[in-house]
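Written below as structure tokens is the structure these notes are about.
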């Protein structure tokens, strides 16, 4: 019996794989690995597909030095900078996306964390939005404290996004202005506030497959509900502007392994799809059951109507 079949049976019996068992899958055929990851997804998660979209609610001037990010003030990337968007702009965007068939809508803001006035402003917007539209509200506002996260929860936010980005071991190679434990503390505080967690990372930063596996196991320990996987789209002006883009095979392998490690979570194909050949079609057949649609924060994405057509053609329910 191959390791793929053996470990699929173990997972479907309700058991979780160890890190050593996952490492045994590294040499398996990628096509078989992806197909089996998709079978695990279908058996444990069904065919429901979770589609979300984001809006850049505050852009640029970030004091953090994440090497991949166009919004860092440490780098010269020529992005447009602005403060918190007005309420009407955010609400209209949410309604528009809801009418297109999107399930979740997230306001994402630059910076280490919002200040009290910014939290107040967005909480008022979330409260209005909750009364106006049935779209599920997500938020990504940096390393907030418990009290602010509770305010978001009370305003209608159901899920908080805070990426680990990579493994603990590799993290210091991409950011030195905050710590891995700062992220973990934020995630734990959001859970304490009663908010679901969306946390994943970026692949293609120069990390190893071992780093990706380590991150996935940390996410499993944190019991997150959604794991977005971004593919690095190198931005001119950042330290990673010349980083080699991952092969599609490596992307598919990573996604499939994540399904073996995280059998019941939403694995969400996120930024970077425009740089791969089929806009993510093969990736969506590798254990994935969610995606971010539309434009990303500082890069272009894929039209929601195009995404929904592709997702339905693959047999998912949107």
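From the backbone N, Cα and C atoms, a Cβ is placed for every residue, glycine too.
What Swiss-Prot says about this one:
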{"type": "BINDING", "residues": "62, 66, 69", "note": "[4Fe-4S] cluster binding site"}
{"type": "BINDING", "residues": "106, 138, 198, 268", "note": "[2Fe-2S] cluster binding site"}
{"type": "DOMAIN", "residues": "44-273", "note": "domain 'Radical SAM core'"}
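Projection of Swiss-Prot feature records onto the structure.
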| residue | record | Cβ neighbours (10 Å) |
| --- | --- | --- |
| 62 | [4Fe-4S] cluster binding site | 22 |
| 66 | [4Fe-4S] cluster binding site | 24 |
| 69 | [4Fe-4S] cluster binding site | 25 |
| 106 | [2Fe-2S] cluster binding site | 22 |
| 138 | [2Fe-2S] cluster binding site | 23 |
| 198 | [2Fe-2S] cluster binding site | 29 |
| 268 | [2Fe-2S] cluster binding site | 22 |
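Across the structure, residue 66 ([4Fe-4S] cluster binding site) and residue 138 ([2Fe-2S] cluster binding site) place their CA atoms 22 angstrom apart. Take the mean position of the Cβ atoms of 62, 66, 69, the recorded [4Fe-4S] cluster site; other residues of that chain with a Cβ within 8 Å of it are 64, 65, 68, 70, 71, 72, 74, 110, 175.
One way to see the shell of the [2Fe-2S] cluster site is to take the Cβ centroid of 106, 138, 198, 268; the remaining same-chain residues with a Cβ within 8 Å of it are 52, 54, 104, 140, 159, 161, 226, 228, 292. Within the model, the domain 'Radical SAM core' (44-273) carries an average pLDDT of 96.
Following the DSSP three-state reduction, the secondary structure of residue 268 ([2Fe-2S] cluster binding site) is strand.
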